[in-house]
Amino acid sequence: MRICRTISEMQQACRELKRSTAQERGLGFVPTMGALHAGHLSLIAAARAECDAVVASIFVNPRQFGVGEDYEIYPREFEEDCRKLESAGVEILFAPTVDEMYRPGATTFVEVEGISDRLDGASRPGHFRGVATVVVKLFNIVGPDKAYFGQKDAAQVAVLRAMVRDLNFPVELIACATAREDDGLAMSSRNRYLSAEERQRALVLSHALETAKSLAKEKGSNAQTLREAMLQKLKAEPLLRVDYAAVVDADTLEPIEDLSNGALIALAAWFGKTRLIDNVLLGPVTHV
Ligand code: AMP
């Protein structure tokens, strides 16, 4: 696996890689912030299965962290990540420094209005502006045909889908299913912040989502019933502080009441200083 540290080196390496492949199934790209787990590797595996070649990036993007968030302590495990990416079959890894990505005085941002202020965007102002800006830069540097993101970050997927559509990026955005631990906890680089007790109690998130999902099938249920059921479960958990328990349209992230056209059921909660998110997608529901 080749490792590129500069933008110009990466641009050239990706151009060469594209030229050297059959160019039938395209170049796949998986952007990450490192501290890789099986969720990240499932994106690489999907890209590997669907593309001629796969490139990845590791960049802890300061612009998507708010003041007082975990940018400084975010886990960084470069050597181990490289080993994982190499055995997963990644051809090129882009791992720039912050100074390489953001030249002094850079003042251009990408803002996906509206969607960026909902769900995680409401609790983390400026977060999706940072995400959209870095993803545009990475797309311009890599020039992928397909880009892989985790459905675990459902709001991020909605923001980036809108961005790709609005700005006519020639990139197919593919959302991959959430990888979970055996007990159902969604995998996350931030799970390691949890104490043993918090880790155990964090299962309430996936349990609350399962409750909402089965409730949705019951006659007479609507989005409000689901929200209330999730809140009741979450609020019974003393170590947890609810950020949101939402039932929204998966594309616009706006609250919905009627479930008949499907829904995104999404949760965010704090365990001490650790913020965890999880969600499930509900297909169209018909009550007979
Ligand atoms: P991150 O390194 O947290 O920025 O994540 C990089 C990519 O991996 C994003 O597209 C995430 O949505 C995705 N990802 C993170 N956790 C999971 C998971 N448990 N299952 C699937 N994809 C994930």
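Any Cβ shown, glycine's included, is placed from N, Cα and C.
What TrEMBL records for 33-40, 150-153, A179, 187-190 is ATP binding site. G39 (ATP binding site) carries a helical DSSP state (H, G or I). Sequence-distant neighbours of G39 (ATP binding site): residues of the same chain at least 6 apart with a C-beta under 8 Å from its C-beta are G150, K152, T178, A179, A186, M187, S188.
Taken from TrEMBL, the feature active site, proton donor covers H40.
Remark: Q64 (beta-alanine binding site) has G126, H127, F128, G130, V131, V134 as non-local neighbours, by Cβ distance under 8 Å and separation of at least 6 in sequence. According to TrEMBL, the beta-alanine binding site annotation covers Q64.
If you look up TrEMBL, you'll see Q64, Q156 marked as (R)-pantoate binding site.
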**Prompt:** Secondary structure at S189 (ATP binding site) (DSSP, helix/strand/coil)?
**Reply:** helix
**Message:** Using CB atoms and a 10 A radius, I'd like the single residue among the binding-site residues Q151, Q156, S189 with the highest neighbour count.
**Reply:** Q156
**Message:** Considering Cα atoms only, can you say which of M33, L36, S189 is the nearest neighbour of Q156 ((R)-pantoate binding site) among these binding-site residues?
**Reply:** M33
